[in-house]
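K.L.:
Okay, so TrEMBL annotates it like this:
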- Asp32: active site, nucleophile (ACT_SITE)
- Asp34: active site, proton donor (ACT_SITE)
- Asp32, Asp34, Asp203: Mg(2+) binding site (BINDING)
- Asp43, Asp123: substrate binding site (BINDING)
Amino acid sequence: MRRCCEGVGLPCLFKGVGMASPRPPRYLLVFDFDETIINENSDDSIVRAAPGQALPEQIRQTFREGFYNEYMQRVLAYMGDQGVKMGDFKTVYENIPLSPGMPDLFQFLSKNQELFEIILISDANMFGIECSLRAAGFYSLFRKIFSNPSGFDKRAYFTLGPYHSHKCLDCPANMCKRKILTEYLAERAQEEVEFERVFYVGDGANDFCPSVTLTSADVAFPRKGYPMHRMTQEMEKKQPGAFQATVVPWESAAEVARHLQELLKKKC
(Lines of atoms letter the chains of each structure in order from A and count residues from 1; the text may use other names and numbers.)
(Lines give C-alpha, C1' and ligand atoms only; values in the text may rest on other atoms or scores of the structure.)
Protein backbone atom coordinates (compact mmCIF):
# COMPACT_ATOMS: atom_id res chain seq x y z
CA MET A 1 0.00 0.00 0.00
CA ARG A 2 1.38 3.43 -0.90
CA ARG A 3 1.96 5.72 2.03
CA CYS A 4 0.71 9.26 2.47
CA CYS A 5 2.76 11.96 0.76
CA GLU A 6 4.30 13.50 3.84
CA GLY A 7 5.45 17.07 3.87
CA VAL A 8 4.10 18.07 0.45
CA GLY A 9 0.60 19.08 1.47
CA LEU A 10 -1.06 16.76 -1.01
CA PRO A 11 -3.43 13.87 -0.41
CA CYS A 12 -2.07 10.43 -1.05
CA LEU A 13 -4.39 9.00 -3.69
CA PHE A 14 -4.95 5.26 -4.08
CA LYS A 15 -6.27 4.70 -7.62
CA GLY A 16 -5.33 1.24 -8.79
CA VAL A 17 -3.32 -1.89 -8.21
CA GLY A 18 -1.95 -4.52 -10.50
CA MET A 19 -0.72 -8.09 -10.45
CA ALA A 20 0.73 -9.73 -13.51
CA SER A 21 -0.72 -13.06 -14.65
CA PRO A 22 1.75 -15.70 -15.87
CA ARG A 23 -0.45 -16.69 -18.82
CA PRO A 24 -3.62 -15.37 -20.43
CA PRO A 25 -6.66 -16.61 -18.51
CA ARG A 26 -9.83 -17.79 -20.20
CA TYR A 27 -12.34 -15.75 -18.25
CA LEU A 28 -12.73 -12.25 -16.89
CA LEU A 29 -14.56 -12.02 -13.56
CA VAL A 30 -15.74 -8.55 -12.53
CA PHE A 31 -16.82 -7.77 -8.98
CA ASP A 32 -18.62 -4.85 -7.40
CA PHE A 33 -17.66 -4.16 -3.76
CA ASP A 34 -20.44 -2.61 -1.63
CA GLU A 35 -23.25 -5.07 -0.87
CA THR A 36 -21.57 -7.56 -3.18
CA ILE A 37 -18.19 -8.56 -1.78
CA ILE A 38 -19.09 -6.99 1.56
CA ASN A 39 -22.55 -7.19 3.09
CA GLU A 40 -22.92 -3.46 3.72
CA ASN A 41 -22.53 -0.13 1.97
CA SER A 42 -19.07 0.91 3.20
CA ASP A 43 -19.94 4.62 2.95
CA ASP A 44 -22.70 4.02 5.49
CA SER A 45 -20.42 1.79 7.57
CA ILE A 46 -17.76 4.43 8.21
CA VAL A 47 -20.31 6.59 10.02
CA ARG A 48 -19.69 4.17 12.90
CA ALA A 49 -16.42 6.06 13.39
CA ALA A 50 -18.23 9.42 13.74
CA PRO A 51 -19.16 10.93 17.13
CA GLY A 52 -22.34 9.22 18.28
CA GLN A 53 -22.12 7.01 15.18
CA ALA A 54 -24.36 9.48 13.35
CA LEU A 55 -24.17 12.46 11.01
CA PRO A 56 -25.78 15.83 11.70
CA GLU A 57 -28.98 16.54 9.81
CA GLN A 58 -27.45 19.52 8.00
CA ILE A 59 -24.86 17.22 6.42
CA ARG A 60 -27.38 14.54 5.45
CA GLN A 61 -29.62 17.12 3.79
CA THR A 62 -26.88 18.04 1.31
CA PHE A 63 -27.20 14.72 -0.56
CA ARG A 64 -28.23 15.02 -4.23
CA GLU A 65 -29.11 12.04 -6.43
CA GLY A 66 -26.25 11.25 -8.81
CA PHE A 67 -23.70 13.21 -6.76
CA TYR A 68 -22.97 10.78 -3.94
CA ASN A 69 -19.21 11.19 -4.32
CA GLU A 70 -19.48 14.92 -3.60
CA TYR A 71 -21.73 14.19 -0.63
CA MET A 72 -19.17 11.75 0.79
CA GLN A 73 -16.47 14.40 0.45
CA ARG A 74 -18.53 16.58 2.79
CA VAL A 75 -19.12 13.67 5.17
CA LEU A 76 -15.39 12.96 5.35
CA ALA A 77 -14.56 16.64 5.90
CA TYR A 78 -17.00 16.70 8.82
CA MET A 79 -15.49 13.53 10.27
CA GLY A 80 -12.02 15.04 9.94
CA ASP A 81 -13.22 18.13 11.81
CA GLN A 82 -14.43 15.78 14.56
CA GLY A 83 -10.97 14.23 14.91
CA VAL A 84 -11.64 10.90 13.20
CA LYS A 85 -8.26 9.50 12.09
CA MET A 86 -6.91 6.93 9.63
CA GLY A 87 -6.84 4.18 12.25
CA ASP A 88 -10.51 4.77 13.07
CA PHE A 89 -11.53 4.35 9.44
CA LYS A 90 -9.21 1.37 8.98
CA THR A 91 -10.78 -0.44 11.95
CA VAL A 92 -14.27 0.02 10.53
CA TYR A 93 -13.30 -1.18 7.05
CA GLU A 94 -11.47 -4.22 8.41
CA ASN A 95 -14.53 -5.32 10.37
CA ILE A 96 -17.21 -5.03 7.68
CA PRO A 97 -18.57 -8.57 7.14
CA LEU A 98 -18.28 -10.28 3.79
CA SER A 99 -21.52 -11.18 2.03
CA PRO A 100 -22.91 -14.70 2.57
CA GLY A 101 -20.86 -17.31 0.73
CA MET A 102 -18.21 -14.84 -0.41
CA PRO A 103 -15.36 -16.67 1.39
CA ASP A 104 -16.44 -19.88 -0.42
CA LEU A 105 -16.33 -18.09 -3.78
CA PHE A 106 -12.92 -16.57 -3.08
CA GLN A 107 -11.53 -19.93 -1.95
CA PHE A 108 -12.75 -21.47 -5.21
CA LEU A 109 -11.13 -18.67 -7.21
CA SER A 110 -7.89 -19.03 -5.25
CA LYS A 111 -7.69 -22.65 -6.43
CA ASN A 112 -8.40 -21.69 -10.06
CA GLN A 113 -6.41 -18.50 -10.49
CA GLU A 114 -4.92 -19.59 -13.81
CA LEU A 115 -8.39 -19.59 -15.39
CA PHE A 116 -9.79 -16.31 -14.08
CA GLU A 117 -8.59 -12.74 -14.39
CA ILE A 118 -10.34 -10.88 -11.58
CA ILE A 119 -10.98 -7.15 -11.36
CA LEU A 120 -13.06 -4.97 -9.08
CA ILE A 121 -15.02 -1.88 -10.15
CA SER A 122 -16.50 0.07 -7.25
CA ASP A 123 -17.91 3.49 -6.47
CA ALA A 124 -16.47 3.20 -2.93
CA ASN A 125 -12.82 4.22 -2.46
CA MET A 126 -9.39 2.65 -2.83
CA PHE A 127 -8.29 2.96 0.79
CA GLY A 128 -11.42 1.29 2.18
CA ILE A 129 -11.38 -1.52 -0.38
CA GLU A 130 -7.71 -2.27 0.26
CA CYS A 131 -8.26 -2.34 4.03
CA SER A 132 -11.23 -4.71 3.71
CA LEU A 133 -9.67 -7.10 1.21
CA ARG A 134 -6.33 -7.27 3.03
CA ALA A 135 -8.10 -8.01 6.33
CA ALA A 136 -10.13 -10.77 4.64
CA GLY A 137 -6.99 -12.21 3.03
CA PHE A 138 -8.16 -11.93 -0.59
CA TYR A 139 -6.50 -8.74 -1.85
CA SER A 140 -3.98 -10.60 -4.03
CA LEU A 141 -6.75 -12.23 -6.08
CA PHE A 142 -7.44 -8.98 -7.92
CA ARG A 143 -5.39 -7.98 -10.96
CA LYS A 144 -6.84 -4.49 -10.96
CA ILE A 145 -9.06 -2.39 -8.71
CA PHE A 146 -10.93 0.58 -10.13
CA SER A 147 -12.36 2.90 -7.51
CA ASN A 148 -12.44 6.51 -6.41
CA PRO A 149 -9.01 7.84 -5.38
CA SER A 150 -8.67 8.40 -1.65
CA GLY A 151 -6.05 9.07 0.97
CA PHE A 152 -5.08 11.29 3.90
CA ASP A 153 -3.90 14.88 3.59
CA LYS A 154 -1.40 16.79 5.76
CA ARG A 155 -4.16 17.44 8.32
CA ALA A 156 -4.75 13.65 8.49
CA TYR A 157 -8.22 14.19 6.97
CA PHE A 158 -9.57 11.34 4.85
CA THR A 159 -9.93 12.75 1.32
CA LEU A 160 -11.93 11.42 -1.62
CA GLY A 161 -12.01 12.32 -5.30
CA PRO A 162 -14.06 11.36 -8.35
CA TYR A 163 -12.79 8.48 -10.47
CA HIS A 164 -13.32 10.13 -13.86
CA SER A 165 -15.77 12.12 -15.96
CA HIS A 166 -18.09 10.58 -18.53
CA LYS A 167 -21.15 11.20 -20.70
CA CYS A 168 -23.39 8.35 -19.51
CA LEU A 169 -26.78 9.69 -18.43
CA ASP A 170 -27.58 6.64 -16.30
CA CYS A 171 -24.61 6.74 -13.92
CA PRO A 172 -23.43 9.02 -11.10
CA ALA A 173 -21.30 11.96 -12.21
CA ASN A 174 -18.04 10.50 -10.88
CA MET A 175 -18.15 6.97 -12.32
CA CYS A 176 -19.59 4.96 -15.20
CA LYS A 177 -18.72 1.30 -14.77
CA ARG A 178 -19.63 0.55 -18.38
CA LYS A 179 -16.94 2.99 -19.54
CA ILE A 180 -14.37 1.40 -17.21
CA LEU A 181 -15.18 -2.16 -18.29
CA THR A 182 -15.28 -1.30 -22.00
CA GLU A 183 -11.92 0.45 -21.81
CA TYR A 184 -10.41 -2.40 -19.80
CA LEU A 185 -11.49 -5.02 -22.35
CA ALA A 186 -10.11 -2.87 -25.18
CA GLU A 187 -6.81 -2.42 -23.33
CA ARG A 188 -6.47 -6.16 -22.69
CA ALA A 189 -7.32 -6.90 -26.34
CA GLN A 190 -4.46 -4.60 -27.40
CA GLU A 191 -2.25 -6.69 -25.11
CA GLU A 192 -3.51 -9.77 -26.99
CA VAL A 193 -5.59 -11.01 -24.07
CA GLU A 194 -9.16 -11.82 -25.05
CA PHE A 195 -11.62 -13.65 -22.86
CA GLU A 196 -13.94 -16.50 -23.78
CA ARG A 197 -16.49 -15.17 -21.31
CA VAL A 198 -17.06 -12.28 -18.94
CA PHE A 199 -18.75 -12.84 -15.58
CA TYR A 200 -20.14 -9.85 -13.68
CA VAL A 201 -21.07 -10.06 -9.98
CA GLY A 202 -22.91 -7.03 -8.60
CA ASP A 203 -26.00 -5.64 -6.94
CA GLY A 204 -26.65 -2.00 -7.80
CA ALA A 205 -28.09 0.15 -10.57
CA ASN A 206 -24.55 1.19 -11.51
CA ASP A 207 -23.78 -2.53 -12.06
CA PHE A 208 -26.71 -2.86 -14.45
CA CYS A 209 -25.15 -0.28 -16.80
CA PRO A 210 -22.04 -2.37 -17.65
CA SER A 211 -23.96 -5.64 -17.61
CA VAL A 212 -26.05 -4.43 -20.56
CA THR A 213 -22.91 -4.62 -22.71
CA LEU A 214 -22.36 -8.32 -21.95
CA THR A 215 -22.87 -10.82 -24.78
CA SER A 216 -24.83 -14.06 -24.95
CA ALA A 217 -21.64 -15.94 -24.00
CA ASP A 218 -21.38 -14.00 -20.73
CA VAL A 219 -23.08 -14.33 -17.35
CA ALA A 220 -24.48 -11.61 -15.09
CA PHE A 221 -24.75 -12.52 -11.40
CA PRO A 222 -27.09 -9.94 -9.81
CA ARG A 223 -27.69 -10.18 -6.09
CA LYS A 224 -31.27 -11.39 -5.68
CA GLY A 225 -33.79 -8.67 -4.84
CA TYR A 226 -31.31 -5.78 -5.31
CA PRO A 227 -31.55 -3.04 -7.98
CA MET A 228 -29.40 -4.79 -10.59
CA HIS A 229 -31.64 -7.87 -10.38
CA ARG A 230 -34.85 -5.85 -10.61
CA MET A 231 -33.53 -3.88 -13.60
CA THR A 232 -32.62 -7.04 -15.53
CA GLN A 233 -36.13 -8.37 -14.88
CA GLU A 234 -37.72 -5.09 -16.02
CA MET A 235 -35.67 -5.02 -19.21
CA GLU A 236 -36.65 -8.60 -20.03
CA LYS A 237 -40.33 -7.70 -19.61
CA LYS A 238 -40.13 -4.53 -21.71
CA GLN A 239 -37.63 -5.73 -24.32
CA PRO A 240 -37.44 -9.54 -24.38
CA GLY A 241 -33.99 -10.65 -25.49
CA ALA A 242 -32.43 -7.20 -25.19
CA PHE A 243 -30.40 -8.25 -22.16
CA GLN A 244 -28.13 -10.78 -23.82
CA ALA A 245 -26.14 -12.29 -20.96
CA THR A 246 -27.36 -15.29 -18.99
CA VAL A 247 -28.77 -14.04 -15.67
CA VAL A 248 -27.97 -16.06 -12.54
CA PRO A 249 -29.32 -14.34 -9.39
CA TRP A 250 -27.66 -15.19 -6.08
CA GLU A 251 -28.41 -14.94 -2.38
CA SER A 252 -25.15 -16.61 -1.34
CA ALA A 253 -21.96 -16.16 -3.36
CA ALA A 254 -21.48 -19.92 -2.96
CA GLU A 255 -24.14 -20.14 -5.72
CA VAL A 256 -21.80 -18.17 -8.00
CA ALA A 257 -18.97 -20.57 -7.14
CA ARG A 258 -21.17 -23.57 -7.97
CA HIS A 259 -22.17 -22.09 -11.33
CA LEU A 260 -18.53 -21.44 -12.24
CA GLN A 261 -17.57 -24.93 -11.07
CA GLU A 262 -20.21 -26.49 -13.32
CA LEU A 263 -18.94 -24.42 -16.22
CA LEU A 264 -15.39 -25.70 -15.69
CA LYS A 265 -16.62 -29.31 -15.53
CA LYS A 266 -18.33 -28.92 -18.91
CA LYS A 267 -15.10 -27.57 -20.38
CA CYS A 268 -13.12 -30.65 -19.27
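Just so you know, glycine gets a Cβ as well, placed from its N, Cα and C.
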K.L.:
Among all protein chains shown, how many Cβ atoms are found within 10 Å of the Cβ of the residue listed as 'active site, nucleophile', not counting that one?
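P.N.:
Counting Cβ neighbours of the residue listed as 'active site, nucleophile' within 10 Å gives 27.
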K.L.:
Would you find the one among the recorded positions Asp34, Asp43 whose Cβ has the most company, meaning other Cβ atoms within 10 Å?
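P.N.:
Compared across Asp34, Asp43, the most Cβ atoms within 10 Å surround Asp34.
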K.L.:
Neighbourhood of the Mg(2+) site (Asp32, Asp34, Asp203): other residues with Cβ within 8 Å of the Cβ centroid, in order?
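P.N.:
Apart from the listed residues, the neighbours are Phe33, Glu35, Thr36, Ile37, Ser122, Gly202, Gly204, Asp207, Arg223, Tyr226.
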K.L.:
In whole Å, note down how far the CA of Asp43 (substrate binding site) lies from the CA of Asp32 (active site, nucleophile).
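P.N.:
Answer for this pair: 14 Å between alpha carbons.
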K.L.:
Between the Cα atoms of Asp203 (Mg(2+) binding site) and Asp123 (substrate binding site), what distance do you get, rounded to the nearest Å?
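P.N.:
Counting only the Cα atoms, the answer is 12 Å.
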K.L.:
Using C-alpha atoms only, work out the spacing between Asp43 (substrate binding site) and Asp34 (active site, proton donor) and round it to an integer in Å.
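P.N.:
Approximately 9 Å lies between the Cα of Asp43 (substrate binding site) and that of Asp34 (active site, proton donor).
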K.L.:
Between the Cα atoms of Asp123 (substrate binding site) and Asp34 (active site, proton donor), find the distance and write it as a whole number of Å.
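P.N.:
Computed Cα spacing between Asp123 (substrate binding site) and Asp34 (active site, proton donor) is 8 Å.
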